[in-house]
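Structure first, commentary second.
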Amino acid sequence: MPQQIELRNIALQAAQPLVHGVSLTLQRGRVLALVGGSGSGKSLTCAATLGILPAGVRQTAGEILADGKPVSPCALRGIKIATIMQNPRSAFNPLHTMHTHARETCLALGKPADDATLTAAIEAVGLENAARVLKLYPFEMSGGMLQRMMIAMAVLCESPFIIADEPTTDLDVVAQARILDLLESIMQKQAPGMLLVTHDMGVVARLADDVAVMSHGKIVEQGDVETLFNVPKHAVTRSLVSAHLALYGMELAS
């Protein structure tokens, strides 16, 4: 399994350019946070990595490499990169139970799909009464439960990399804390490389090792999390950090 995945000079376009020459490097055991405002190109960059660009959007330049060798995004999806989506409800077929979803995911990846394996994954993400959860349909579960089920699927994949696209969006504070605890636990136990897409600098401060800031489809600043919080250089980065500090009655040093 690869130890590093690199996005090199990725450019995306629809009727007009959307993402301009984005380069990122994911490494096993490290969390890279991709931050920026809505519409900055974060989710499109993830979609390009997985080969699931929306209709009408195409990649016009750049490549993806695994351990320095060019690779197709389709060869990465699921096997080498597990995904925790922004809207978990849209990720599940409403006609299938959680047991069917989990079992089919395992079978598609050639992983063990016995009930003991599925139960262990569900218990690992803190969902009580795994036997009952496996019988549930998506519409019978809360957003927080579905997000934890998405994380359970990522655990089942045993992929060396994870893309978590706004994993705490639209969740209440308690559910957000649980999701962050789970992501932190996965990093400690499995040490995957993680691309964490978020607009929440509090999430960045807690989980990230490195940060890349996007604005208008471009990476405007990259660095380790400590440097970026203490000495942000770009105006967009300074704005994000200042807004985060203001929540605690603090100001960014001038």
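Using N, Cα and C of the backbone, Cβ positions are placed for all residues, glycine too.
Summarising the annotation, Swiss-Prot assigns domain 'ABC transporter' to 2-241 and lists sequence analysis as the type of evidence.
Among the features that Swiss-Prot reports, ATP binding site is placed at GLY36, GLY37, SER38, GLY39, SER40, GLY41, LYS42, SER43, with the record citing sequence analysis. Following the DSSP three-state reduction, the secondary structure of SER40 (ATP binding site) is coil.
For the binding-site residues listed here (GLY37, GLY41), the lowest count of other CB atoms within 10 A around the CB belongs to GLY37. Looking just at the domain 'ABC transporter' (2-241), the mean pLDDT is 93.
In sequence order, HIS199, MET214 are the same-chain residues whose CB sits within 8 A of the CB centroid of GLY36, GLY37, SER38, GLY39, SER40, GLY41, LYS42, SER43, the residues recorded for ATP being left out. Fewest Cβ neighbours within 10 Å among the binding-site residues GLY36, GLY39: that distinction goes to GLY39. Neighbour counts of Cβ atoms within 10 Å were taken for the binding-site residues SER38, SER40, SER43; the minimum is at SER38.
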